[in-house]
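The structure appears below as structure tokens.
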Amino acid sequence: MIEEIQFYEPNEDYGFLSNFSHSPIHLSDVTWPTSEHYYQAQKFTNSEIVQEILNAPTPDDAFQLSRKYAHLVKSDWMDVRHSVMRYIVFEKFRQNPHFTHLLVSTGEKLLTEHSHKDSYWGDGGDGRGQNELGKILMEVRDYFAEQEPFKHVHFVDSAKLPTQWGTFQMYGFVERATGKEHLALVYGELKQGEPPLIRLHSECLTGDALFSARCDCGFQLSRAMENIVNAGSGVLFYLRQEGRGIGLINKIRAYHLQDDGADTVEANEALGFAADMRNYEFCKGMLSFLNIESVKLMTNNPRKVKALKTAGINIVERVALQEGNNPHNSGYLKTKASKLGHMFDSSFIK
Ligand SMILES: Nc1nc2c(ncn2[C@@H]2O[C@H](COP(=O)(O)OP(=O)(O)OP(=O)(O)O)[C@@H](O)[C@H]2O)c(=O)[nH]1
Ligand SMILES: [Zn+2]
């Protein structure tokens, strides 16, 4: 049974789908406040009417103006209105990527404009209408679902996450290629043009949750969250890449080999894995959802720096995150430096 999303008012659930939702659309040298403004204005050839509709304070006013001048609608409007609507809905999402992420995140659901006033663009309120706007939205969704950066993750939901340092807003994403569930913990306000302090933290159950001293992850995680709160804003991306991508059980097998003398790279390779199996491509989708283009990145790992640069993310600053050196992990840290290129100060790994 295909799930259905019914939308109508811009301020209700899925309101971004409505033509009345605020979504600036720049066409040649004009900025239309909503797709509704543009659609209603195209009914007329009289430039003064077009200008009056463009300047209408709300989409509802734009709609009322087109009713007021109904006797002046151009003669071929009924022949062209569908292509006008399709064009402006596509442009709305092309120019407002956050909305595009939300649209793509509706997955395969049926999108229905639940409008008792309109049985052409909507369902007529009784489900018997043509729902032409819903059909256009699903077509536009299918297109963007295969495009960068929308194809990597679906946003599902967000909720507050109070912590000892401060309260983050937790965003849940599902990676389309693997089904893995990744998080973005956002603190404070992410301001356009101000690169936020971020961390791409790879999941380490033993370090992050079981207080393990044989790696530096848990120490880094708490420090990173504290740093973000102290900076006033930022994002901790929690990536389900346990064991540098080989998973928890394989990491235990790798630890066992390390208990018998192998180093962290040799152990992975003895199990038939590369030293590091992680891929960060999908992070593009989460960064784009949050409208982040430049970052200050907390890491010691040159591969992460490279991965983000390859993903087109501008790293304005790399912030070292050297935490938790102790007798149980000093060999591990030394191997990360010598074999995986981790950038540690000599004072950190004595
Ligand atoms: N396979 C394997 N994974 C490990 C081992 N120790 C830690 N990990 C995993 O390594 C990941 C963290 O990678 P690190 O190299 O510690 O740090 P990084 O995230 O690459 O780099 P930083 O951003 O500087 O912390 C987590 O997924 C851990 O589960 C190990 O001995 N073997
Ligand atoms: Zn760890």
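Note: Cβ is positioned from N, Cα and C throughout, glycine not excepted.
Residues annotated as domain 'NADAR' in TrEMBL: 7-142.
Residues or ranges marked as domain 'GTP cyclohydrolase II' by TrEMBL: 158-319.
On its own chain, GLU203 (GTP binding site) has TYR238, LEU239, ARG240, GLN241, GLU242 as residues at least 6 apart in sequence with a Cβ closer than 8 Å to its own Cβ. Among the features that TrEMBL reports, GTP binding site is placed at ARG199, LEU200, HIS201, SER202, GLU203, GLN220, GLU242, GLY243, ARG244, THR264, THR299, LYS304.
Cβ neighbours of CYS217 (Zn(2+) binding site) (same chain, under 8 Å, six or more residues apart in sequence): HIS201, SER202, CYS204, THR206, GLY207, ASP208. Per TrEMBL, the feature Zn(2+) binding site maps to CYS204, CYS215, CYS217.
In the shown protein chains, 20 other C-beta atoms lie within 10 A of the C-beta of ASP276 (active site, proton acceptor). DSSP classifies ASP276 (active site, proton acceptor) as coil under the three-state reduction. Taken from TrEMBL, the feature active site, proton acceptor covers ASP276.
Per TrEMBL, the feature active site, nucleophile maps to ARG278. Close to ARG278 (active site, nucleophile) in the fold, though at least 6 residues off in sequence, lie SER202, LEU239, GLN241, ARG244, GLY245, ARG303, each with a CB less than 8 Å from its CB.
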Name, in the order they occur in the sequence, the residues of the same chain whose CB lies under 8 A from the CB of ARG199 (GTP binding site) and which sit 6 or more residues away. GLN220, ALA224, ILE228, GLY234, VAL235, LEU236, PHE237, LEU297, MET298, THR299, LEU321
In Å, rounded, how far does the Cα of CYS215 (Zn(2+) binding site) sit from the Cα of ASP276 (active site, proton acceptor)? 15
Show, in sequence order, which residues other than CYS204, CYS215, CYS217 on the same chain lie with their Cβ within 8 Å of the centre of the Cβ atoms of the Zn(2+) site. SER202, THR206, GLY207, ASP208, SER212, ASP216, GLY218, GLN220
Sort the residues of the domain 'NADAR' (7-142) into helix, strand and coil with DSSP and give the three counts. 69 helix, 11 strand, 56 coil
Cβ under 6 Å from ligand 2: qualifying recorded positions of HIS201, GLU203, ARG244, ARG278, THR299: none
Within 10 Å of the Cβ of GLU242 (GTP binding site), how many other Cβ atoms can be counted across all chains shown? 19
Measuring Cβ to any atom of ligand 1 with a strict under-6 Å cutoff, which of the recorded positions ARG199, CYS204, GLU242, ASP276 qualify? CYS204, GLU242
